[in-house]
C-alpha cells in the first residue's frame, strides 16, 4: 500500500469536479449545494507529511460574513412556499457579488410571491430575509413587457418592500434585545452546572426526562403613587362617634328628667356595663362569660338601717288581716259566701251551667229529635198558635216543631250553626250578604268587584261626547276616494284576540241544579226545616243588596255607646214595659219563638218571666249595657315651663342663706368675670324643706309648675357645679344636702 497522502487530494479533486459538473439551473433550492472554499491541492511530488505553508490562511472576516449569510439561507429554506426562490450566489465570493442572479422568469415568479404574501399579510420574521423584492425592484420596473411609468406596479412593489423592510427591522431589534438579555444573566452556580451535567449524562443514557427548571423569584417593589392612601384623614383619627348618642344628646332637655341616660341605657351581662342601643348585641355568637366567684360581703353596717325599714313594711298585704291563733272557719266561710253573692248579683254574669227553662209544649214527648225516626215528616203548624198578629214578626225565626225551638248548646253541630243563618241578613248578621249571594244561581257564582260608595262613578265624571251625524251633501263635490281608500287598520282579528275568546270567557260554570232549600232540610227527615220564611216576606229578603257597610263613626256610637231604652237596673223589675207598643198593647214578646202567655196561664209571676237564652233569633240581641255618664277628667293639657337658671339661683340662695339682693349681686359678679370668694352651704338642709321654701320664693307661675323631679334635677346640677354632697336618710325618705370637702 502506498502512502495515504497523495490519495486524499485525488479523492477530494474528484468530488469537487463532480460537484462543479452540475449546472445551477438544474438544481432545486432544497437540493442545491453551495461550494465551500477548498484548500489548494498539494503537488504530487510532496511526501505524505503536510507542511504548514500548504494550509490556507485563516480569514476571520470572511468567516463572519459566511455566518451572517447562513442565517439568510436557513430562513429561505424554512419558508412555507415551495417555489420560493433563494439567492444562488455562493458564499465563497466577495461581498460585491452577494446579490443573487435570477432569470426573468424567476424574478417574475418571485415578484408575484412577494405581492401575494404582502396582500395576505403573511410576511413574518421567518420569511422576511428570504424575500429579495428590494434587491430586484429596479429590474422589475424596467422589464420590456411593461411600461417604464407603470405607477400601479410601482405602488404595489413599494408597499410590499416597505412591509418586508419593516419586518426585517423588527426581527433585528428582537435579536439584539435577546442578545442583551443573555449578556445580563449571571454566571451559573455550581448546582446549576452539576444539574446540566447530570441532565447531559441522562440524555446520553437514552432517558427523556426533562430537567426541572428553577422557579424565578419575583421581587415586587410597589411604590404608592397616591399620597392620599398613605395619609390618614382627620375623621379617621378622631374617636368614632355613636350616632345614637348624638341624637340623644341633642334632644336632652334640662327642664325634665327624660333625657337622663341612666333610665334609658341597658346592661348586657353581669358586669353591669351601660351600653348604648347601638352597642347592644341582640344575638351574641360568642361563648357566655363565666361568672366570677361570689365572695362574702360584709353587711354589718347595713343591718341596722334594714331592720328599721322592715319594721314599717307588711310581709303580705293580702294576708294582713289573717290571724293564726284567732282564725275561725265560720267567719271565713261567711266572708267567702258574701263575696260570691256579690258577684252573682251582677247583671253581666253568665252561668253556662244554668238550667234551661221548660218548654211550653207540654204534650211533646221527651227525647231528642235525631233518635225519633218515626216522627211526622210534615211541618206542624199547630204549634204556632192562634195569635195571627205575631205571625208576621215570628215567621223569620220560627222552626217547624216545638222540639226544634230548644236548640242545644253543642259545640260545632249543625243545630247550633243554623239559627245563626238568617234569610234576611242585616248589619248584625253572622254571615255577610255578599257571601250569601253566591247561592243565587250560576250568574252570581263569581264574586263581584266591590263598588266604591264614596267616590263618584266614572260614568258621571265623563261628559258625553256628542257624535256628529254623518251627512252626505249631494250638491257638493265629494272625493269618494278618501272614504273608500284602503286604511292601515286591520280587517281581521288578531291572534291575541282569538286566544282571549276561549270557552272559559264565554261559558258559565257548570250548573249542577243544586236546590238551595236542601241546605236547611234534615237529611233523614226532609220535611223538617230548621229555618223557614213566610211567603209574604220572601220578597223583602232582596234588600240586602242595598245594605251598605256599617259606619262605626256615627254619632250614636261615638257618644257613649248606642243610646236607647235602658234595661232594668234590678232583676226584680218588670220586663213587660220593654215590649209595650204605641197603643199600649203588647207588640213584641220576650219569647220571639213562642206565643205570648199571660202570667195566670203560666202559673208564674211577671217577675219570673225572663229572656230565653237558648232561643237565638235575629231580633233577640243582647241588651245594651248600662250607659256610663260622661265624666271629665282634669289633667295637665299644657306643658310645664320652668326657668332652670332662675330655679338654680333661688335654690342656691336658699342653701347659702343669702338674701335676694346678694344673690343678684353674685350673679352680676360672675357675668362680669370678677373673681369672688365662693359661697358655701351654711348648714345641712333637707330636700323636702328646700322644695317648700322654693314654692314660697318663686313666682306664682313657676311655683305652680314646680315638681319634685324638677327640684331634684336642679339639685343634681348644683351638686356638680358647687361640689355638694348628697346623702340619703336612714329610711330613704329624704335627701340631706351638705357642703363637700
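Glycine is no exception: its Cβ is also placed from the backbone N, Cα and C atoms.
The model shown is predicted, which means the values in this text are computed figures rather than measured ones.
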| query | Among 426-446, 447-467, 468-488, where does Swiss-Prot put the label region 'Disordered'? | reply | 447-467
| task | If Swiss-Prot is the reference, give me the range from 361-383, 384-406, 499-521, 522-544 marked as region 'Disordered'. | result | 361-383
| field | Candidate set 70, 189, 251, 697, annotation phosphoserine, source Swiss-Prot, matching residue | value | 70
| field | Residue with minimal Cβ packing [other Cβ atoms within 10 Å] among the modified residues 70, 496 | value | 496
| task | Starting from the Cβ of residue 488 (SUMO2 cross-link), draw a 10 Å sphere and report how many other Cβ atoms land inside it. | result | 4
| remark: If you measure between the CA atoms of residue 70 (phosphoserine) and residue 488 (SUMO2 cross-link) and round to the nearest Å, you get 80
| query | Reported as an integer number of Å, what is the Cα distance between residue 488 (SUMO2 cross-link) and residue 496 (phosphoserine)? | reply | 19
